[in-house]
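Undergrad: Handing you a structure now.
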Amino acid sequence: MWMGSILAGPVALVAAAFLLLLPAASLAQLQVGFYNTSCPNAEALVRQAVTAAFANNSGVAPGLIRLHFHDCFVRGCDASVLLTVNPAGGKTEREAPPNFPSLRGFEVIDAAKAAVERSCPQTVSCADILAFAARDSINLTGNTFYQVPSGRRDGRVSNDSEALQFLPNPNSTAQVLTDGFGVKGLTAEEMVVLSGSHTIGRSHCDSFLFKNRERLANGTISPAYQALLEALCPPTTGPTTLITTEIDVSTPTVLDNNYYKLLPLNLGLHFSDDQLIRNATLAPFANSFATNETLWKEKFVAAMLKMGNIEVKTGSQGEVRLNCSVVNPGSSSTAGVEMLMFPGSASDAPADEVATS
């Protein structure tokens, strides 16, 4: 049974301890069991949708984890990544190069939302459904369950330019990665921890092929590995090339610590993966996770919870969308201004935000 995979030991204790460390304002808004009264079967319905999709295609799990990550890093965890139309005009996050055509799992969120709406109309936000779905995906692939605080509200703005600005690039250096996560209130260690999600999932040729030729020249990628990648990806590889390969060549469907074990063997797929062992600050973290899977899973759960708290909208901010891909009828986001919280905080007090580009 699903709940039979709950880790009642260290991971559960770390998750509980982390919740106590969240800022008081955040705890006042996001809470475990937020829907216990208004929609008591919300999490079960999301779990059913994710489990059904996973049974048909295990690739949906890494897709949903990545979808949650890409949502939280742009305008906070407000389901802005799910929007297909920006009421203020212009392209959405979903259409930005970091997300298209690689981002996946939208249909699973839509199925979960439809099930929840049938049971509890206009109650559960798409942002919370996305957070639940990511947690359920982690449990399905890594046998690790944890409680997710909820109460997020959905945003009304989605800009492709912001996705380009805030989402990490697979060709980023260690410093760029650390700085990018730091902007969102995450530490260098948490960046290394969350990078471990690359232990499942696939990546498109365009995200690694050409940069890895530079790595081949400086000896930071296995020549045999690069030869396999060159044979897989066509010479005409570009942003629209749909050919993919596993990021973790050893256990690509299991959420474990093998990702970190592959890095010293020069088997990291992306330049950014390889950077974790080339940087004096980051390497000790990567090495410790390579030798201790329990430690990594404990820290991964805590980092996921912290990430899920980035710039959340709560209370009267935003809305609860009826359809995750479009804002509600009558919603307004003129001039691209919307209330937004600082990383790790939540409050009903409005804060002006100017769309960045």
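One-based numbering along the chain as shown.
Glycine residues also receive a Cβ, built from the backbone N, Cα and C atoms like all the rest.
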Undergrad: Which of CYS39, CYS72, CYS77, CYS126 is the other half of the disulfide bond that TrEMBL records for CYS120?
TA: CYS39
Undergrad: Sequence order is fine: just name those binding-site residues in ASP78, SER80, PRO168, HIS198, THR199, ASP256 with a Cα within 10 angstroms of CYS72 (disulfide bond).
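TA: Taking ASP78, SER80, PRO168, HIS198, THR199, ASP256 one by one, the ones whose Cα falls within 10 Å of CYS72 (disulfide bond) are ASP78, SER80.
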Undergrad: Which residues does CYS205 (disulfide bond) neighbour through Cβ under 8 Å, counting only same-chain ones at least six apart?
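TA: Expected: LEU229, LEU232, CYS233, PRO234, THR237, THR241, ILE243, THR244, THR245.
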Undergrad: Could you tell me the C-alpha distance between ASP78 (Ca(2+) 1 binding site) and THR251 (Ca(2+) 2 binding site) in angstrom, no decimals?
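TA: Spelling it out, the Cα of ASP78 (Ca(2+) 1 binding site) and the Cα of THR251 (Ca(2+) 2 binding site) are 32 Å apart.
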Undergrad: CA-CA, which of the recorded positions CYS39, HIS70, VAL74, CYS77, HIS198 lies nearest CYS324 (disulfide bond)?
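TA: Sorting the recorded positions by distance from CYS324 (disulfide bond), the top entry is CYS77.
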Undergrad: Which ones, of the recorded positions GLY76, CYS77, GLU93, PRO168, HIS198, ASP256, have a Cα no more than 10 Å from the Cα of HIS70 (active site, proton acceptor)?
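TA: Correct set: GLY76, CYS77, GLU93, PRO168.
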Undergrad: Should any of the binding-site residues PRO168, HIS198, THR199, ASP248, THR251 have a Cα within 10 Å of the Cα of SER80 (Ca(2+) 1 binding site), which are they?
TA: none
Undergrad: Can you tell which of SER80, THR199, THR251 has the least company, meaning the fewest other C-beta atoms within 10 angstroms of its C-beta, among these binding-site residues?
TA: THR251
